[in-house]
Each structure stands twice: as structure tokens, then as C-alpha cells.
Amino acid sequence: MAHPHLDVRRAVRMALADLEDGATVLVACSGGADSLSLAAATAWVAGRSGLRAGAVCVDHGLQPRSAERARSTAAALCGLGLDPVVTVHVDASHGPDGPEGNARAARYTALTATATRVGAAAVLLGHTLDDQAETVLLGLARGSGPRSLSGMADRSGVLRRPLLGLRRGVVRAALPAGPTPWEDPHNDDVTYARARVRHRVLPVLEAELGPGVAAALARTAELARADADALDAEAEAVLAAVGTDGPLPVDHLAKLPRAVRWRVLRRAAIAAGSPATDLTAAHVAAVDALVTAWRGQAGIDLPGGLRATRRDGVLRFTAQR
Ligand SMILES: Nc1ncnc2c1ncn2[C@@H]1O[C@H](COP(=O)(O)OP(=O)(O)OP(=O)(O)O)[C@@H](O)[C@H]1O
């Protein structure tokens with residue numbers, strides 16, 4: 001960790017290399033250490049490469065002091081040389097994923113909408129290699145498939161994660177002097193699984209298996225993403241050929257590799273009205289058994305009042321009255 005400032009600036013420079021002169025980038029800033037370090041590096045890079053840099057803070061209204069925090073973050077960012085901060089208020093009290101999940105979904109929607117509104121070419125997020133490794137470990141512990149194990153993408157639409165290849169320690173060692181980062185109390189609260197992975201599981205893995213474990217987990221994420229992309233594309237192609245909303249020929253489904261067939265069945269069930277958040281791997285496996293191990297059973301009930309049935313050589317998803 002000889003030159004953390006250089007490492008962070010290089011990572012930001014590379015992530016922004018394709019932007020045209022005069023383009024605007026926004027740093028998504030929570031006020032935490034990672035996004036403050038990212039903001040400082042982005043201000044430095046933008047100042048030397050003809051880009052405009054601003055910042056955006058999302059106020060979820062979840063923590064009582066969040067408005068005050070947003071104000072002090074804004075002041076710190078202006079001090080780092082970024083344009084005045086855009087603060088966006090979102091309502092995270094509704095949604096299917098609990099307060100944290102709803103806040104995350106609302107945040108990504110708000111960040112993307114803000115980029116469109118201000119004409120920004122990219123919004124930068126401060127996720128690090130440690131965040132990626134934690135996500136992979138949490139996915140492994142849940143028995144996730146390659147899509148979940150692929151963690152966070154370095155690019156997704158307008159969102160970019162320049163620090164995904166850097167350890168959190170490097171990012172924090174490059175923190176600018178002056179602003180005091182705000183620490184989200186959840187980060188250290190070991191009642192949360194992610195905090196336990198961060199403070200207890202990953203350190204033990206590194207002590208026992210070597211310091212390269214986090215980078216290895218991040219590599220797993222990259223490999224899993226490539227596999228998941230290929231399998232998803234194949235499933236899409238199958239559905240494009242047979243049609244998403246009609247009956248699915250069982251003979252055709254039975255010949256597909258299981259990983260592709262599961263994806264086809266999941267997509268078809270969602271297209272027919274089963275909510276993606278409620279449709280589990282066990283539901284999909286039960287529908288799969290109608291294809292591969294059918295012994296005349298009547299059908300499978302699915303979330304959203306849907307029923308999967310097999311008759312006359314085709315599989316159908318129908319809404320139950
Ligand atoms: N309220 C928010 N407003 C704007 N951006 C946010 C907000 N919360 C999180 N982000 C963005 O998402 C990234 C990851 O946030 P998260 O809370 O998962 O991780 P973190 O390790 O606590 O990061 P940080 O130290 O920057 O808070 C942040 O670095 C930031 O870029």
C-alpha cells in the first residue's frame with residue numbers, strides 16, 4: 001500500500017477514460033469513508049481531464065439525523081472541489097425487500113434519474129473489493145447460483161464502480177484530510193450478517209488461507225458473471241424461439257441443459273405473472289420436475305395465484321380464478 005492516493009486516482013481515471021471532454025460525472029456520496037475517498041480522487045481526476053464533477057446524496061429518511069448528515073457531507077464535498085451537491089429525497093418505507101433492500105433499490109433508481117436530469121454521463125459508487133468479497137461469501141452461504149455470486153458489476157447502465165478492484169484499506173488510506181467521514185452504524189453492527197462477514201468471517205479466512213482470499217472471491221464473482229450472462233442469453237434465445245406467453249413444448253425443454261431450462265422456466269413464470277421476489281429456486285425445481293420427472297401429477301401452485309400444468313406434451317402457466 002505504498003501510494004494509496006495514486007492507486008485510487010488511477011482506478012478512477014481508468015473508469016472515466018471513455019468519457020468525452022466536458023462530460024459530467026456525479027459521485028454518489030453517503031458521507032462514508034469510501035465515497036469521500038472516491039469523491040476526492042474524482043475531483044482530482046476531473047480537474048485534470050476536462051470533466052465536470054459533482055456529487056449526489058440520497059436521503060432515505062431512514063435515520064433521524066440523515067438530513068444533518070447530508071448537509072455536512074455536502075459541505076465536505078464542496079471543500080474537495082466538487083460542484084454543489086444534489087440531494088435527493090426518496091421514500092424507502094414501502095417495497096418488498098425490507099428497509100435496507102428498499103432503500104438500496106430506491107437509491108439506484110434515484111441516482112439514475114438524477115443523472116438523466118442533470119445530464120451526467122456516469123454516477124460513481126464507492127464499492128470496494130471487500131464489498132464484493134463479502135457479497136460473494138453471503139451468496140455462497142445462501143446457496144446462490146452464478147447470478148447472485150457475480151456480485152456487483154463494475155458498470156451497470158449509468159452506474160460505475162471504479163474502486164471494485166481495490167481493498168477497502170487502500171481506499172481509506174487515501175482519504176483526504178479535513179472532512180470527517182460518517183460511519184453507518186450498520187457497518188459494525190454484528191446483528192447484520194454482512195457485518196459479521198466483514199469483521200469475523202473474512203479476517204479468519206485471510207488468516208487461515210492467506211491475504212489473497214478477498215481478491216480470489218472477487219475473481220469468482222467475475223467468472224460467475226460471465227457464466228450467468230451466457231446462460232441468461234441462451235435462455236432468452238430459447239424463449240424468443242418458443243414464445244414467452246404461450247405453451248412450452250416439453251420435449252424441447254427436456255433437451256435443454258438444466259441451467260438453461262431452469263432459467264427458461266423462471267422467466268416464463270415471471271412473464272405469466274408470478275412475482276420475481278417470491279419465486280424461489282424450490283418453486284422452479286418443482287416446475288422442472290413436471291418436465292423431467294412427470295408421473296401424471298396435477299400441477300404446481302406458484303406465487304401470484306399461478307399454476308403450472310403439463311398436458312398434451314406442453315407446459316402452461318395459468319392464472320387461477
Ligand atoms: N445515501 C446515499 N447517497 C448517495 N450514495 C450512497 C448512499 N448510500 C450509499 N451510497 C453509495 O453506495 C456506495 C456503497 O454504500 P454502502 O453503504 O453499501 O457501503 P459503505 O462501505 O458504507 O460505503 P461508504 O463508506 O461510502 O458509505 C457508497 O460508497 C456510495 O457511493
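Here, residue 1 is simply the first one shown, and the rest follow in order.
Yeah, the Cβs are placed from backbone N, Cα and C, and that goes for glycine too.
TrEMBL does not curate its annotations; it predicts them automatically.
Database features, via TrEMBL:
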type: DOMAIN; residues: 25-200; note: domain 'tRNA(Ile)-lysidine/2-thiocytidine synthase N-terminal'
type: BINDING; residues: Ser30, Gly31, Gly32, Ala33, Asp34, Ser35; note: ATP binding site
type: DOMAIN; residues: 248-311; note: domain 'tRNA(Ile)-lysidine synthase substrate-binding'
Item to complete: For ligand 1, pick out the binding-site residues Gly31, Gly32, Ala33, Ser35 that have a CB under 6 angstroms away from one of its atoms.
Response: Gly32, Ala33, Ser35
Worksheet entry | Three-state composition of the domain 'tRNA(Ile)-lysidine synthase substrate-binding' (248-311), taking helix and strand from DSSP | 32 helix, 11 strand, 21 coil
Response to the item:
Taking the centre of the Cβ atoms of Ser30, Gly31, Gly32, Ala33, Asp34, Ser35 as the ATP site, the remaining residues of that chain with Cβ inside 8 Å are Cys29, Leu36, Ser37, Gly126, Pro181, Trp182, Asp184
Fill in: Set of same-chain residues at least 6 away whose C-beta sits under 8 angstroms from Gly32 (ATP binding site)
Gly126, Pro181, Trp182, Glu183, Asp184, Asn187
Response to the item:
Of the binding-site residues listed (Ser30, Ser35), the greatest number of other CB atoms within 10 A surrounds the CB of Ser35
